[in-house]
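What Swiss-Prot records for CYS27, CYS63, CYS97 is [4Fe-4S] cluster 1 binding site. Residues annotated as [4Fe-4S] cluster 2 binding site in Swiss-Prot, with sequence analysis given as evidence: CYS171, CYS175, CYS178. Annotation comment: Swiss-Prot describes 18-134 as domain 'MTTase N-terminal'. Here Swiss-Prot flags 157-385 as domain 'Radical SAM core', drawing on sequence analysis. As annotated by Swiss-Prot, domain 'TRAM' applies to 388-458, with the evidence given as sequence analysis.
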Amino acid sequence: MNPTLTESQTLTPTIQLGKVYVETYGCQMNEYDSGIVKELFRKEHYETTNVVEESDIIFLNTCAVRENAHAKIYGRLQSLGYLKKKNPNLVIGVLGCMAQNLGEDLFHQELPLDLIVGPDNYRTLPELIQNIRNGEKDVQLTRLSRSETYDELEPKVVNGIQAFVTIMRGCNNFCTFCVVPYTRGRERSREPKSIIHEIKQLQEMGVKQVTLLGQNVNSYSYESYDFCALVESILKETTIERVRFTSPHPKDFPDHLISLMAKEDRFSSQIHMPLQAGSSKVLRDMKRSYTKEEYLDLVKKIQSVIPDIGITSDIIVGFPGETEEEFLETLEVVKKVKFDMSYMFKYSEREGTIAKRKFIDDVPEEVKSRRLIELVELQTKISLEKNTSKIGKIFSILIENTSKKSKQELCGRSHCGRMVVFPIPEGMSQDLSDWIGKTVNVLIEQATSATLKGKLIV
């Protein structure tokens, strides 16, 4: 006798339409977008895979911020040619900012490529794949949207106890060096209730810390909600242990955001605050909307309210027209602020940007390289000094994983974003699951420019 089928059961098994492989380049937003793509295909009965050789569809989710990002993708596409020869039905697509930036020009590069889709068009991907399987060639869709936020998809981009949650997309600032407004469109924000629902689901999966993402995260605006109101709602309506955010713009940093960071223990006291340059003239040419003095005043205000704040930054050297004196101004700002860490780059001209149209890339490459070396050396020295000053102090650490160098060492971050490594004490559990996600106190005993090392306080 056959058992009775319930309403949720079906006589026909789900047919898998193929295996999808997604490779991600660039920022945390791209990591989140790759999660959106996987979720879209899962809903359409595709399987996702981490093995490129067994895939039926390969997507490269790309970045367009720097020139070497393009070179990486060209090289990667060429390396995938052998799979296309083995399986002519394999579909290879380029997604993301490079797809949006270069569009159909990618089809003229003699690459094994079937599909080009920009960040605002991912909902169409399953349909576009079907069109390709029906014989359509060189499929491209790169329309920008003023409304798409993928609100209901909630891809759950989880790394252990941490997760990213995109709260807004796009950028309205049009910094002259930046391609993002042209590849991701204008700013639009997700509904607060959708964001909070996603965080609650992440909590149920064991996530302890979420990082709120946006190209200009603190310019979040949805009806009556600004960024502070959103964070307050998250802290009130969830029990998530830590809330971080990246990347803010200095022009959108009101006093009540600083007060909220000082007041709320669960709101991480760490800020990634892009400087980009230390000269007001260069900042004006970059269209950054603040002067050197305004940036320094903001940092001084933040540090006065939150003395142990962790501040990191982005800095570009060799922007068109940057003189030696203007570069020295950048070094002076770095010395005054004493960033915990910085991402430092040589200026590279990007197709489609205002700087490409308006300025001549006139700083010689050897000068850019020398300035970058000087800046990196200064930042490394400051990072070491700051970390060395923490020796003898005790920090509350949220354990994330084992350290890269040893399975007998655990690592995690302090409330201010500092990476701390410490050994598992003898006689205590060596089972990683007993440690991950726990908050412990660690006494700092050693320091490098990147890491604090210590021992567990039992």
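Don't overthink the numbers, they just go from 1 along the chain as shown.
Backbone N, Cα and C define each Cβ position, glycine as well.
Taking the features listed in Swiss-Prot, we show where each one sits on the structure.
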residue	record	contacts (Cβ under 8 Å, 6+ apart)
CYS27	[4Fe-4S] cluster 1 binding site	CYS63, VAL65
CYS97	[4Fe-4S] cluster 1 binding site	GLY26, ASN30, THR62, CYS63, ALA64, VAL65, PRO119, VAL179, VAL180, THR183, ARG184
CYS171	[4Fe-4S] cluster 2 binding site	CYS178, VAL180, PRO181, ARG184, ARG186, GLU187, GLN215, ASN216
CYS175	[4Fe-4S] cluster 2 binding site	GLN276, MET286, LYS287, ARG288
### Cβ-centroid neighbours of [4Fe-4S] cluster 2 site CYS171, CYS175, CYS178, 8 Å, sequence order
ASN173, PHE174, PHE177, VAL179, VAL180, PRO181, GLN215
#### Entry: Helix, strand and coil residues within the domain 'TRAM' (388-458) as assigned by DSSP
4 helix, 33 strand, 34 coil
### Message
Going by DSSP assignments with H, G and I as helix and E and B as strand, what are the residue counts for the domain 'MTTase N-terminal' (18-134)?
### Response
64 helix, 22 strand, 31 coil
### Message
Taking 8 Å from the centroid of the Cβ atoms of CYS27, CYS63, CYS97 as the cut-off, which other residues in that chain fall inside it around the [4Fe-4S] cluster 1 site?
### Response
TYR25, GLY26, MET29, ASN30, THR62, ALA64, VAL65, ALA69, GLY96, MET98, THR183
